[in-house]
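Asks: Handing you this structure, nothing more for now.
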Amino acid sequence: MAQVLRGDLLAREIEEELRGRVAAMEAPPTLAVVLVGDDPASHIYVSRKRKAAARVGITSIEHRLPAATDEAQLLALIGALNDDPGVHGILVQLPLPAGMAADRVLDAIAPGKDVDGFHPVNVGRLSTGGQGGLVPCTPLGCMLLLDQVVEDFRGLKAVVIGKSNIVGKPAALLLLERECTVTVTHIHTRGLPEICRGADIIIAAAGVAHLVRGDWVKPGAIIIDVGINRIPAPDSRPMIVGDVAAEECDHAAVITPVPGGVGPMTIACLLRNTLDAAQRR
Ligand SMILES: Nc1nc(=O)c2c([nH]1)NC[C@@H]1CN(c3ccc(C(=O)N[C@@H](CCC(=O)O)C(=O)O)cc3)C=[N+]21
């Protein structure tokens with residue numbers, strides 16, 4: 001049986017450590033969460049972030065704007081949060097409503113408060129070695145999970161499935177920084193099963209339910225499943241499944257569960273970034 005690497009448990013440990021760091025500060029850091037529109041999944045995530053912040057002692061302030069908000073209003077709010085010395089971290093929940101350009105909005109966030117690590121300055125820092133920048137929460141969470149089970153990354157073959165700015169690309173850069181040999185793939189990659197079979201580490205972040213089958217996985221491989229796919233379940237609430245057919249992967253060495261894997265680590269890393277942003281100021 002593969003070892004199930006529980007992100008929910010590691011996230012609680014990290015929260016405990018962060019709670020200690022917050023307690024030692026003169027004043028608790030403040031995270032501003034901006035939520036535009038009424039995407040139901042976004043509301044669930046934002047409430048998880050609020051609860052986690054409260055557990056750690058970080059003050060979180062939510063700014064909810066209607067879906068019809070125009071971009072200029074949102075940019076004005078970001079400007080005010082940038083200028084507010086009482087705000088240490090700013091997160092604009094994605095996706096934004098149609099018609100709003102995420103890149104213009106993310107570019108407006110002060111890089112030192114960009115706890116998502118999405119601003120071009122932080123993206124650039126990561127691509128040149130990560131020194132001093134804020135690193136995107138989901139790939140950072142993936143690395144902290146890998147750190148639990150990998151002692152030496154050098155020369156390991158890592159395959160990243162997915163090329164998003166939020167997960168795939170930054171995950172590839174972080175693995176490269178550890179001197180893995182990194183192959184970045186996506187759903188249009190030809191011969192993806194074969195490429196995956198060569199991997200010591202698979203980061204599955206394509207957003208396709210059960211994309212990675214058991215016969216794509218080399219015995220002893222380490223699998224980080226980033227996917228959160230809601231699939232309809234007959235006669236009940238939608239089920240959440242990952243990008244990996246985990247039940248076919250007993251021959252892997254390690255696999256992260258969905259839920260309870262990368263998701264809770266994303267939130268723990270958001271809190272960590274908020275503390276880092278507050279302390280670097
Ligand atoms: N600016 C921005 N930053 C983000 O970090 C960001 C975002 N926008 N938009 C949406 C995605 C998604 N995301 C998740 C966070 C936590 C879980 C999580 O905790 N999942 C739990 C529960 C899953 C469930 O029940 O829905 C788990 O996997 O165990 C999932 C997904 C952050 N995102």
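Each residue, glycine too, has its Cβ placed from N, Cα and C.
Keep in mind that what you see is a predicted model, and the values were worked out from it rather than measured.
So TrEMBL has the following annotated:
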type	residues	note
DOMAIN	5-116	domain 'Tetrahydrofolate dehydrogenase/cyclohydrolase catalytic'
DOMAIN	136-280	domain 'Tetrahydrofolate dehydrogenase/cyclohydrolase NAD(P)-binding'
BINDING	G162, K163, S164, I187, I228	NADP(+) binding site
Asks: Taking all residues of the domain 'Tetrahydrofolate dehydrogenase/cyclohydrolase NAD(P)-binding' (136-280) together, what is their mean pLDDT?
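Replies: The predicted confidence over the domain 'Tetrahydrofolate dehydrogenase/cyclohydrolase NAD(P)-binding' (136-280), as a mean pLDDT, is 97.
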Asks: What does DSSP give as the helix, strand and coil breakdown of the domain 'Tetrahydrofolate dehydrogenase/cyclohydrolase catalytic' (5-116)?
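Replies: Across the domain 'Tetrahydrofolate dehydrogenase/cyclohydrolase catalytic' (5-116), DSSP assigns the residues as follows: 56 helix, 19 strand, 37 coil.
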Asks: Are there any residues at least 6 positions away along the chain from K163 (NADP(+) binding site) with a Cβ closer than 8 Å to its Cβ? List them or say none.
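Replies: Listed in sequence order: K169, V184, T185, H186.
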Asks: Please count the residues of the domain 'Tetrahydrofolate dehydrogenase/cyclohydrolase NAD(P)-binding' (136-280) that DSSP assigns to helix (H, G, I), strand (E, B) and coil.
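Replies: Summed over the domain 'Tetrahydrofolate dehydrogenase/cyclohydrolase NAD(P)-binding' (136-280), the classes give 54 helix, 28 strand, 63 coil.
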Asks: Running a distance check here. Ligand 1 versus the binding-site residues G162, K163, S164, I187, I228: which have CB less than 6 Å from one of its atoms?
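Replies: Close enough to ligand 1 are I228.
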Asks: Checking the spread of the NADP(+) site as listed (G162, K163, S164, I187, I228): what is the longest Cα-Cα distance, in whole Å?
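Replies: It comes out at 16 Å between the most distant Cα atoms.
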Asks: If you count the other Cβ atoms within 10 Å of each Cβ, which of the binding-site residues I187, I228 comes out on top?
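Replies: Result for the most crowded candidate: I228.
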